[in-house]
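Visitor: Here's a structure for you.
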Amino acid sequence: MALRFEVLGRFNRARAAQLTLPHFVCQTPLFMPVGTQGTIKGLTTNQLEEIGCQIILGNTYHLALRPSSELIDELGGLHKFMNWPRALLTDSGGFQMVSLLHLADITEKGVTFQSPVDGKPMLLTPEESIQIQNRIGADIIMALDDVVKTTITGPRVEEAMYRTLRWIDRCIAAHKRPEEQNLFGIVQGGLDPVLRDICVRGLVDRKLPGYAIGGLSGGEDKNSFWRVVAQCTAALPEDKPRYVMGVGYPLDIVVCSALGADMYDCVYPTRTARFGTALVPEGVLKLKHKAMADDTRPIDPACMCMVCKNYTRAYIHCLVTKDAMGSQLLSYHNLYYMMKLSRDLHSSIIQERFPEFVCEFLQKMFPKGDVPEWVCNAMEVAGIDISCCCAPFSSSQD
């Protein structure tokens, strides 16, 4: 095992921890931006360090296609290849079963993809996924799992969960660098509590360095989403990191952290930036709107990032409709926002003021008190009283 996980503070289920990895000592809860092919679009690695990024996520499927894991290995691993001194996590390629299903055929042997580069079939087995990730050299590597959308029901969900458990043993056997890289298992089982419980218990029995909760953020309703997170975090070990995959909305991260999760990743902050949208404490700010054309305020007057210190909404409005620099500035701001959110979650738990932080966060985002009912329900389970920021009979699911 090549990690150490030390819980530094708690509030009920929420915890702040120090996660020591081969390349960096991280503070959780933490958000990981997605750099699919070894880059966060539009930002340099120096800028990512500047804003406090701790771990970047790379995608095994895309890196294996181009530039190839063999070349990355020859050039000294992904850290050196992309000039990133801090931690890296690579996913397994399993998510492409969902996102590229028209290109994939799933069997017990593995997943056969049609390469989007040349159209040729490419078999990704659990063994091959781990071999590729061993060559890439990330601090955390993910087991290949059988992913199905949470909106799917019936025998396919059970089949995928049991296959995920069978594949984890193949991943463990194929993993040749356990002293340098940490293999995380992924809890599957759809929205079925019984299947999720079987999968959690099976993975915990294998004593892995960390655990992910997979198969969410695929269109399920928010009540189902938080209940799966709550169930899994309650059953996973206290002394290992818990990673909710594909979660990037700030509200979701606050809720999941209250329920005991530690790590998150998503393309959302950078993808929404490319569409001209900034993340702000009130929610989002759409810089393409005409009202921004003569607005001389920064994106967020309270934000200390380089963008908010130096540029107006009017300037960025002018850019987002015509110039790549607009999406670069918004990507910088949005990731700064996510890193600050991570730091604020960590420090509020350490300083024993987590409930106050949650209430302040919700009051800014929902000044009329219209906090969604699912958030109220989740916070009740998390043991956090948010009645001060909830209007009665709030029922929004957004």
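Cβ atoms here come from the backbone N, Cα and C positions, even for glycine.
Annotations in TrEMBL come from automatic prediction, not curation.
Marked as domain 'tRNA-guanine(15) transglycosylase-like' by TrEMBL: 13-365. For Asp91, the entry in TrEMBL reads active site, proton acceptor. Residues annotated as substrate binding site in TrEMBL: Asp91, Ser92, Gly93, Gly94, Phe95, Asp145, Gln188, Gly215. Residues annotated as region 'RNA binding' in TrEMBL: 246-252, 270-274. Sequence annotations record features per position, and here TrEMBL assigns active site, nucleophile to Asp265. The Zn(2+) binding site feature in TrEMBL is assigned to Cys303, Cys305, Cys308, His333.
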Visitor: Taking the Cβ of Phe95 (substrate binding site) as reference, which residues of that chain separated by at least 6 in sequence fall under 8 Å from it?
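Guide: Counting only residues 6 or more apart in sequence, the Cβ neighbours of Phe95 (substrate binding site) under 8 Å are Val147, Met245, Gly246.
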Visitor: Using only C-alpha positions, which one of Ser92, Asp145, Gln188, Asp265 is spatially nearest Cys308 (Zn(2+) binding site)? These are the recorded positions in the record.
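Guide: Going through Ser92, Asp145, Gln188, Asp265 one by one, the Cα closest to that of Cys308 (Zn(2+) binding site) is Asp265.
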Visitor: Measuring CB to CB from Ser92 (substrate binding site), give everything in the same chain under 8 Å that is also at least six residues away in sequence.
Guide: Thr60, Ser129, Gln133, Ile141, Met142, Ala143, Leu144, Asp145, Ile186
Visitor: Using DSSP, what is the helix/strand/coil residue split across the region 'RNA binding' (246-252)?
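Guide: Counting residues by DSSP class gives 3 helix, 0 strand, 4 coil.
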Visitor: Round to a whole number and give the Cα-to-Cα distance in Å for the pair His333 (Zn(2+) binding site) and Gly215 (substrate binding site).
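Guide: That separation, Cα to Cα, works out to 29 Å.
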Visitor: Roughly how many Å separate the Cα of Gly93 (substrate binding site) from that of Asp265 (active site, nucleophile), to the nearest whole number?
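Guide: Here the two Cα atoms are 15 Å apart.
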Visitor: Using Cβ-Cβ distances, find the residues under 8 Å from the residue listed as 'active site, proton acceptor' that belong to the same chain and are at least 6 apart in sequence, listing them in sequence order.
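Guide: Correct list: Leu57, Gly58, Asn59, Thr60, Tyr61, Met142, Met245.
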Visitor: By DSSP, what is the split of the region 'RNA binding' (270-274) into helix, strand and coil residues?
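Guide: Reading the DSSP string over the region 'RNA binding' (270-274) gives 5 helix, 0 strand, 0 coil.
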Visitor: Please tell me which one of the recorded positions listed here (Gln188, Gly215, Asp265) sits closest to Cys303 (Zn(2+) binding site), measuring Cα to Cα?
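Guide: Closest candidate to Cys303 (Zn(2+) binding site), judged by Cα separation, is Asp265.
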Visitor: Using a 10 Å cut-off, grab the number of neighbouring Cβ atoms around the Cβ of Gln188 (substrate binding site), all chains included.
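Guide: For Gln188 (substrate binding site), the 10 Å Cβ neighbour count is 30.
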Visitor: Have a look around Cys308 (Zn(2+) binding site) and count the other CB atoms within 10 A of its CB, chains all included.
Guide: 23
